[in-house]
Each structure stands twice: as structure tokens, then as C-alpha cells.
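Only one structure is covered here, and it is reproduced in the block below.
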Amino acid sequence: MRLTSLALALLFALPAQAEQINVFAAASLKTALDQITADWQAETGDEVLVSYGGSSALARQIVEGAPSDLFISASIPWMDEVEKAGLVQAESRKDLLGNTLILIAHGAAEPMTELPADPVAMLDGGKLAMALVDSVPAGQYGKQALDSLGLWTALEPHVAQSDNVRAALALVATGAAPYGVTYASDAIAEPKVTAVYTFPADSHDPITYPAALTSEKPAAKAFLDGLFSPEATAIFTANGFDPLT
């Protein structure tokens, strides 16, 4: 779905000369954001360079001076860190998306109404794939949820941690891990996994993706505004996100 020229014109008066926009975005956004940036580049001529990764690593890179124009985090606290460092255009900060935390399985699998009382047996000698549980949002949410359900102590020794949620997704997709904790959007992006359980929303902090400018580049502001357009919203929704507009 392309972002129409009319929609873009209504969103913001674009600069006359094409520019390069450096975006730092949470890894879970890749499938949807790749579609949106491809459409944006075709419509505007701007070059959108997106660096994907764990929100914690991206935030640290921005604070340490990495050139960026826009940051989209998978959690509020990591955006707060960048803002505290004075690197966010505060008036530009907006909550863009929500997501759902799920358990995924390799290949085809039956859905679960609840997690087993003995979750280690469920792993059958394998590992539970998760993003870094003490820093990456997906891992933090997952640890909170499992702890809330009384399962974290048993599962902790059996967790395989990855740098970001897409790396955890890959472990399950390849069969290196039988199960993993990811977002609903990740399961939609990967046909080799099945969503088998949805964690209760009250078992973890709300999953919120704030977005904010980290430069004063006009093209970056136009792109940020475009992320809230009906066309972008449709793409995010189709990829399993919950637009907060």
C-alpha cells in the first residue's frame, strides 16, 4: 500500500530537495517499517536509512553520538533515557503503537488456554528463546509476565537470551528453540512459527512504542508525521500492531 502524494502533501510541506533520514527503530518494527519506508522513498525521493536493534542498544548508540534523526523505541523507559540526555525534540514525542506479548512455538502447534504448571517439561530439554531480559523491552516484558504467572524461577535456567526480539524469533523459526516469547507482530512476520498463547495484558507493563525526533531535519519531521497517516496505520495494523492514533 503506497502513501499517496495527496496524503503526504496534507501531512507536511516536504522540503524541495530530497534528504537522507536516519531512523533508529526497535527490531520488532522491521517488517512493517520496511514497507512504509519503501513507499515513502518512492513518493518523496528521500533516502530512509533504518537501523534496527534492541531499543536499549539503540538508545545507548544515540546517547553516545550516533547520527540519528528519529528514534522509535519499543518501550517508554528507553525513550526517556534519550530524552534525559537532551537528545529528543520533546514536542515531537508521541506514542505510535502498541503490541501484544505472546508465546510462539516452532512449526505447527496447538493453542494453549493457559501455560502448563510445569513449563520446563513443555520445553522437552530445549530452551525458551527470549530477548535480553534485563534490557531489551520484549525480554523485560516477557520476564515480567512469566514472573507474574509464577513461572520465571523455574524457567530462568532454561532461557536462551538474544540481542533483540527478532533474533529470539529466529531461534524458534529455525527450530533451535522449541518455544519463545515475542510480540504478536513477530509471529505474523514469520510463517515458521505459531502463536500458541497470549500473555494477560496485566501480567506486564503496557507495550508502547514512543517515537520522537532526535534532530531538527524537516524531512525527518515529515516522515514522523507520515507514520501516523491512514496508509501507514493500515500497514502497522496488518502486521499485528495496535496503532495508538
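We number each residue from 1, going along the chain as drawn.
Any Cβ shown, glycine's included, is placed from N, Cα and C.
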In TrEMBL, S28, A138, V165, Y183 are given as binding molybdate, so which of S51, S55, S215 is in that site too?
S55
Which residues in the same chain, at least 6 apart in sequence, have a Cβ under 8 Å from the Cβ of V165 (molybdate binding site)?
A26, A27, S28, G54, A74, A131, V136, P137, A138, G139, T182, Y183, D186
Would you mind listing, in sequence order, the residues at least six apart from S55 (molybdate binding site) in the same chain with a Cβ closer than 8 Å to its Cβ?
A26, S73, A74, S75, W78, M79, V136, P137
